[in-house]
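Feature annotations, courtesy of Swiss-Prot:
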- 1-46: topological domain 'Cytoplasmic' (TOPO_DOM)
- Ser17: phosphoserine (MOD_RES)
- 47-67: transmembrane segment (TRANSMEM)
- 68-89: topological domain 'Lumenal' (TOPO_DOM)
- 90-110: transmembrane segment (TRANSMEM)
- 111-137: topological domain 'Cytoplasmic' (TOPO_DOM)
- 138-158: transmembrane segment (TRANSMEM)
- 159-171: topological domain 'Lumenal' (TOPO_DOM)
- 172-192: transmembrane segment (TRANSMEM)
- 193-266: topological domain 'Cytoplasmic' (TOPO_DOM)
- Tyr213: phosphotyrosine (MOD_RES)
- Ser229: phosphoserine (MOD_RES)
- Ser230: phosphoserine (MOD_RES)
Amino acid sequence: MAAAGRLEDSSLDILQSMDDDPLLDTQPLPHHSLQAQFRPRFHPLPTVIIANLLLLIHVVFVVLAFLTGVPCLYPNPTEDKCPENYTSPLKVQTAIILGKLILWILHLLFERYVQYHHRKVRSRGYSQIYRSTRHLKTLALTIHSSGNTALLLLLCVQHSFPEPSKLYLELILAVLALELICSLSCLILYIVKIRRFNRAKPLPDVLEEEKIYAYPSNTASETGFRTVSSLEEIVEKQEDIIVYLKRHNALLSKRLLELATQPART
């Protein structure tokens, strides 16, 4: 009987302490408000427009290079200049090389721009699109850098062996054409991937995996099964998840404090 009395007294003390707790006096937050505040907002990647513009600039440059260089391949060019002097006072090769340098700088700026936005997407929890375009978003710049190396090699050889001048111009135009084909393939593939990502408007990878595990259809049932193939990918994926969860928890804490102070303001 004494033990039962002590148990009843302790339960009454707990209930009284809960009633006296000021944190529990606040009104419960409405479910629809929490759902609206904590639902992750999708931010599309804005790199598609810049990629399309750069693709157009590249095509225009190569077309102008051919329109300027092909007349110089006709018989009797005067001192490696076109008869019409399209690029006067510069030589044709000089104008093409300068245009190629400007195009490379644009690709360098584009690569930095893409890296910046992809890092932001990765911090929001979309590590899958970051990994799937890791090499693709830098491949166009690598192709242009390789083209610059080939052009530099041609200019060095031409400096030592100036004749025949037509052959070097033909090789320069061939390098530009090959570079255009490879670069366009990379940019088009990148644009298609990013457009699909923007149209799909997926949830962060953590929430997408929760949906898959909540409604398993074709997933393997073995314990410890992972779809990634290497330990490095597993560690990188876990790192991305931890960074996203830390950022998400900080955002949730901030919004909870804002919602909790709203009844007091009113």
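Note that Cβ sites are derived from N, Cα and C of the backbone, with glycine treated the same way.
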Within-chain partners of the transmembrane segment (172-192) [C-beta distance under 8 Å, separation at least 6 from its ends]: 48, 51-52, 54-55, 58-59, 62, 65-66, 69-70, 93, 96, 100, 133, 136-137, 139-140, 143-144, 146-147, 150-151, 154
DSSP helix/strand/coil residue counts for the topological domain 'Cytoplasmic' (111-137): 21 helix, 0 strand, 6 coil
